[in-house]
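Colleague: Shown below is the structure under consideration.
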Amino acid sequence: MNGSRKKFFQHDNIGYLFVLPALIFMVALIGYPIISNFILSFQDVTAMTMNAANKDFVGFDNYIKLLNDEVLIKSIFNTILFTVACIIVQFVIGFALALFFNKKFTFAKPIRGLMMVSWMVPITITALMYKFMFSTNVGGVINYMLQSLHIIDAPIDWLTSPVSAFVALVIANIWIGIPFNMILLSTGLTTLPKDVYESSSIDGGANKIQQFFKITLPMLRPTIEAVLILGLIYTFKVFDLVYVMTKGGPSNSTQVLSTYSYKLSFDLFKFSEGATVANILFIILFVVSLLYITGTRKGGCLRWKTQKYYTIKAKPAQIE
Amino acid sequence: MENTKILHNKSKTSSNRVRKFKLSPMQKNIIMCFLSVGIAAIFLFPLYWIVVTSLKAEPEVFQNPPTFIPETLNFKSYTEQLSGDFNMFQSFKNSFVIATSTMLLCVVLAVPASYGIGRYRFKGRSLFLLIFLLTQMLPASVILTPLFIIFNNLGLLNTQIAVILADATIGIPFSILVLMNFFASIPKELEDSARIDGCNRFTAFLRVFLPIAYPGGYCLCNILFLICLGRLSIRYDIYSRSNSKANYCWYIQFYGSIWYIMELFNCICNSHHSAGTGYFYNYAKVYN
């Protein structure tokens, strides 16, 4: 027995022993909760039955019930709209800023570092800050500025009317997301080889715009994919921002999946329904991240494309 | 001969023409600097606004139209933090205890694990990695309700231990992913030579790899501490605040001071004073 154990943990298998403690911890505090969350979603557990020994097993009732729930449909729609809006805007602005700060000037690095602050501020605090700035009457500095610039005539009820509350949330989230996009894209930009740019401008006579679309974008593609997927995952599970700024209101117009799950579990004490919504969110994210991970592993075709471009561009055939 | 002359002339005129439109590098630098300061000023205006608000007297905060520079500087909201209801030191103690113990727990569990994954090519290694990667992408609401029930059954609800355990679930995969590459980059020959000198695999890890990994581990500790503090700050209704003096990194100091100011702002606006809700409940609220 002892001998066989010794044999098993020879060579590389000893790695198991090093991983084991962390794995046990993670299984206990992440793996078990995920499984019990699925079990919970098939039961009918509320605050009343939480400590009962036998919980009713109801099968897919919770899922069927929630898929007919208008609020859930609305929150799925909101989550997707919120994610898409945030990602597009923060990616474009973040990319522009990354290109800007990639230029060599004295303040480039310090100011870029300073911009990271908005990402480092705890999200709850950002949310409180924007809640205060978006307030309608008392000290609402955004309304004041828009009015003094004559963009709007009357103050907007930012957080109390459905559409503008959504816009306010998107703005606040973009403010957090821009530095994140910017820093990842600028690290990607610094790794691009300089000689490709030189050869394209000398041999191919490419101008800056051509260089951007034909060299920067294709070669940056892995970074761009990573940034977009990470942004998608972080934005899709947004919680604190929405919870603090609007609590999903007014009348569920800004309800997203995670806040709805929280509301069901901890405000209405319908633990099973909350777990069901969380599972729906989990499944969506799980599929997305699995696709991403397997996609980056294969990744060959993307690299091949850029390399092909590289070799074509590097050919001296384009000299006039 | 003539040809080169013509060429020379041509290039001269063309460069002259270009020079009309081009700025000197110095001028370009100055313009870019001003531009970047402008961008940063617009982008960071919300933070400026919050600092200014914390320095205003209460009527001025809610004044319409708002003032961009405080008429009178008012430090009352800062001094209030040192005594009375919002005793800063108690909450600082809490956050310090929780952040430190989470950090220690993460490091103790994650360092061997990342060594194992980074150094040894055993079967299922990539599966472990995948699991750790996926937990990074997990929406917290998935494990929230079950953890609540687990901690309730264990009687850990409203204790610091619950928060430490729950925080560590985020910290451990993160640390493993960071440190793994660090261990993988340490040459394998070091272990071989350590084993020739009489170490077994564990003592080689303890005596050779751990000291080498010290800088990476130290850096990770700082980041983890920062993350834990950030998470704590998120639990705004327990009034956990950071005292920048006790932190040991400049960025944590910076971070702490912003956080501190924001908390003050929070107190001025008097909006979220629902004290008494337990740690875990708060944790649950904003865990995402």
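In case you wondered, yes, glycine gets a Cβ from its N, Cα and C as well.
Annotations for this protein, taken from TrEMBL, read as follows:
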- A:14-35: transmembrane segment (TRANSMEM)
- A:76-101: transmembrane segment (TRANSMEM)
- A:76-292: domain 'ABC transmembrane type-1' (DOMAIN)
- A:113-133: transmembrane segment (TRANSMEM)
- A:163-184: transmembrane segment (TRANSMEM)
- A:224-245: transmembrane segment (TRANSMEM)
- A:274-293: transmembrane segment (TRANSMEM)
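Describe the structural context of these features.
Modeller: Within the chain carrying the transmembrane segment (A:14-35), a Cβ under 8 angstroms from the stretch's Cβ atoms is held by residues 282, all 6 or more beyond its ends.
Beyond its flanks by at least six residues, the transmembrane segment (A:113-133) meets 97, 139-142, 159, 168, 171-172, 175-180, 182-183, 240-241, 243-245 of its own chain at Cβ-Cβ distances under 8 Å.
Under 8 Å from some Cβ of the transmembrane segment (A:163-184) lie the Cβ atoms of residues 78, 81-82, 85-87, 89-91, 93-95, 97-98, 101, 112, 115-119, 121, 123, 126-127, 130, 134, 156-157, 223, 226-227, 230-231, 234-235, 238, 241-242, 245-246, 249-250, 253-254, all in the same chain and six or more residues away from its ends.
Remote same-chain residues near the transmembrane segment (A:224-245) are listed as 79, 82-83, 86-87, 90-91, 94, 123-124, 126-128, 130-131, 134, 159, 165, 168-169, 172-173, 176-177, 180-181, 184-185, 188, 217, 254-259, 262, 281, 284-285, 288-289, 292, 295-296, 302 (criterion: CB distance under 8 Å, separation of at least six residues from the stretch ends).
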Colleague: In the same chain, which residue numbers or ranges, 6 or more beyond the ends of the transmembrane segment (A:274-293), come under 8 angstroms Cβ to Cβ?
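Modeller: Result: 34, 37-38, 40-41, 62-63, 66, 72, 75-76, 79, 225, 229, 232-233, 236-237, 257-258, 260-266.
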